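As recorded in TrEMBL:
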DISULFID  Cys133-Cys169  disulfide bond
DOMAIN    209-272  domain 'Lysosome-associated membrane glycoprotein 2-like luminal'
Amino acid sequence: GVSRSRAVEVDVRDGSNATCLYARWMMRFVVKYETDVSDYKSATLNLSSSVTHNGSVCGNDTQAALLAVQFGEGHSWSANFTKTNETYQGDFITFTYNTNDTAVFPDAKRKGPVTVVLRDNMHPVQLNDVFVCQSTEFLEAENVTQIFWNVTVQAFVQNGTIGKKESRCRADMPTSAPTVLPTTANVTTASTTTLSPAPTTTPKPVETPVTGNYSLKRGNDTCLLASVGLQLNVSQDKPLLININPKTTSADGACGNTTAMLKLNDGNSTLIAF
């Protein structure tokens, strides 16, 4: 499907009209809120066509840089950045949504602005480098899921010139190739000495993941169904296969008019979002 989210581009300039903070990114919010009849619904909040960036600040050695945007009917988002002598990094993210926006929250029990603050997971970036993250990132706090992708940002821009060297997020980094175990085809014989053959062991077959059935409701209606077996192949120090067990996995998420998100949590710090 075609996403209705829009790319945001902010070019903050200092007193001499030189760029000091630059960012371009896409984001969307999923908010779980209580209704007038004391049940819960999920609303998807996309950026509108008119986005302002009032309050954005360049920052310096003693003051944090601030990237701030406002959109829709009283919604706003901001992220501040701090720096050391050699690096800069994200510090806190603040998101405010306004339940008086009846187009998004038509039957909200709580009226008015609600603010959520969480720590940014952006890693330190060398000054003069541009932080880039094309992958989709999810940040969750207080019934709000913030979704980001196609992120490009540089804080504390030097001499008004955007850097050319990129610092990629971990999610964009290629995974290492799985370890290749020795076989008769790729082992070079180093000696002709006759040795007793080592005992052979049969490798343990990889189990097929159990199929789980997951569903989401919007009010009394089921809005999403998934029947799927999931296996993760994680390549870090060594390959690791993880099967997601439906018996210990909980499903959460949200359904909107044009988008839906399914989040599976296996209770062992593994979170998968579709």
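Glycine is treated like the rest: Cβ placed from N, Cα and C.
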Give the number of CB atoms, excluding that of Cys133 (disulfide bond) itself, located within 10 Å of its CB.
21
Kindly report the helix/strand/coil residue split of the domain 'Lysosome-associated membrane glycoprotein 2-like luminal' (209-272) according to DSSP, in that order.
3 helix, 39 strand, 22 coil
Using a Cβ-Cβ cut-off under 8 angstroms and a sequence gap of six or more, which residues of the chain neighbour Cys169 (disulfide bond)?
Met122, His123, Phe131, Val132, Cys133, Ser135, Glu137, Val151
